[in-house]
Structure formats: C-alpha cells, structure tokens
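Reading through the structure tokens given below for one structure.
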C-alpha cells in the first residue's frame, strides 16, 4: 500500500523512503508555494480595490464557508472513492480558477464581486481536496512513518508560507498582481503530474447513506473525548487566533506602515516559525508528550498574539509572528497525527473532515469576527480579543486533564 521504500534516509526524512509519498511530497512543494503567492496577492488586491478591513475579512469568509459547509461531505467522498482521483480532480479545478483570476486582473476586468465568486468556488474545491489529501497520507506510508509524513507535509506547507509571500511581494512590486495568479496556476502542474504516477490500493468503502456515514464519524468522535477536545482545540485556534492573518495587510499598511514588501516579510515570518516547528516535530516528534504539547502551544499562542497586538515595532512584530507560526504548527500537526494514528481506516476520511472543518472551515467565522471588530474598533483590539478568548479556553481544557495523558 505504501509503495516502494528506500532505507538510506535518516529518521527526520523517513517517510520519503516510500516512492508514492516522494512523488506526492515533491509535487506539493511547488504547488503550495504558488498557493501562498496567490493568497498574499489576493489579499493585497482586495485591500487596494475596496480599502476596507471588513471586505478583506468578507473575502476570507466567502472563501472558507464552503469548507465549513461541505468538508464533512468531502470526508465521505474520501472514504468512498479513490483518493488519488479525487485529489486530481480538485487540483485541476483549482488550476483553472487560478488562470481565470489571472486573466481578469491582466485585462483589468477584476471587481470585488468576481473575487468573491472565485473564492467561493475555490473553497468548494478545497472542501473535497483537504479531507482527501489529509487521509491520503496513510495510504502512502507505513504506520510508523505517519508522524514523520504529517510533519514533512507541514514542513513544505510552511516552507511555502515562508517563501511564497516574499515572492509575491517582489512580483507585485516588479510586474503586478496578475503574474502572481498566473504563477499559481502553473504551480499545480507538478503535483498533478506526480499524482498520475502514484499507484495505491483503495480500501473497500462502507455501504450506506451519506448521512449515516457522517453520523458514524460524529458518534466515534463523541465517544472518544480526547479526539473531541483535540479537534475543538484546533477550532478555537482557527476562529480566534489564526484568523488574525486576515488583518496582517492592515497592520502592514496602516499600523506599522511597511507597505507591500513589509506585508510579505510578515507573512514569511509566520511561515518561517511554522517551518521551524514542523522541523522539530519531524526530528523529535516521537519523543514529545502530545497532549501537553497541544496545551503548551495553545497557551503560548494566546500570550504571543496579545503581545503582537500591543506593540508597533516592525522587527518585534516579525519575532512575534515567528512564534505564532511555530505554536500553530506544533498544535495542528500533533492533533493531525493523533487522529491519523488512532482512527480506524474506514472512518479516517470522515474524521479528518471534522479536523479540516475546524482547521479551515471555522476560519471564515474568525475572519468575519476579526474584520468586523477591526472595522469598528481597530485591528489591535480585534487581535487581542481573540488572544484572550484562546487563553481562557486553554486554561479550561487544562483543568479538564483529558489531554495531559496523551
């Protein structure tokens, strides 16, 4: 199932001994970089078109609502169909949408309402893509390499988050935002080509209705309180913490006054912190107490984001953003790995879809929350409010002592 394996790689790259995982992993390096190039360019374009923190939050909201609404259905599909073919379809769809956006911007036809439509369609594709990709990992590697595979996936995701914004800032300055969207469209091709060469044996799906499939996964989560609280930890961080990324263009332009290059540097700082965290987990993840790590990461995130909201020095902001990226990845990769390891194969796609719904689907609620407060009271108050809520939630979960035994 996991494909051909080579045994010469060190422990920190052990998942790469599997041929199928190598094909998927190397293809994603370029694709994810292109995605971050587009994410940064889109946010900057929206701010220039609308000049409104609320509209900035609305775009993120519209793009993520389909993930909130349809990721559970995406999880059912991931358990019922060939995951490779599902990912091929979603990645091809995202390629087409990127080229459409590039064309609209290049020919100066772009309007905010068009961006909203394209974001909604992209969100719909991600609602099926994310559960498929998350649950696909276990078909590409053996069980003992799952943590390393998840950490390596997070490593390249955050390498892309570090490189992509910087590249985007340079491209916007040099040749304009349209090029960023065109680059993203091209970046999907390596992962699509890699998928064409991957051969896996899909498990036989359960028979039954889609509704019953979702109920079965929900019942499993409710019966396993540790899994339930881990997923809720991800949800709280997404709603009240990670959504602050929506406001970084506002910090860059209006508060720190560092412009588009500074914006790219700020996003890259988050990515570099996440990259560092993923590297730590890839090397030392098996030696860490996972429940305590999740709680420590959440608590540290809350403190750092409150500090970020209170200061106005660009270099200090970069340092704090680095820490926020590190804490985010420490929590989310650990939760992802625990779910992958303990969840039965026939439920994995659906249970991972709950994780995706919290990780990505709850982001729209947080984006709208952050954008609305920022519009009325300012970005710093919006950011600090989220940090205080995360801090209180983490203290509550710590008191329950459900995660400390993991």
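Quick reminder: no glycine exception, Cβ is built from N, Cα and C everywhere.
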Under TrEMBL, which of the candidate ranges 140-164, 315-339 is annotated transmembrane segment?
-> 315-339
Would you please say which range out of 202-226, 227-251 has the annotation transmembrane segment in TrEMBL?
-> 227-251
Could you name the stretch, out of 53-74, 227-251, 293-309, 379-397, with the greatest number of CB pairs under 8 A to the transmembrane segment (263-281)?
-> 227-251
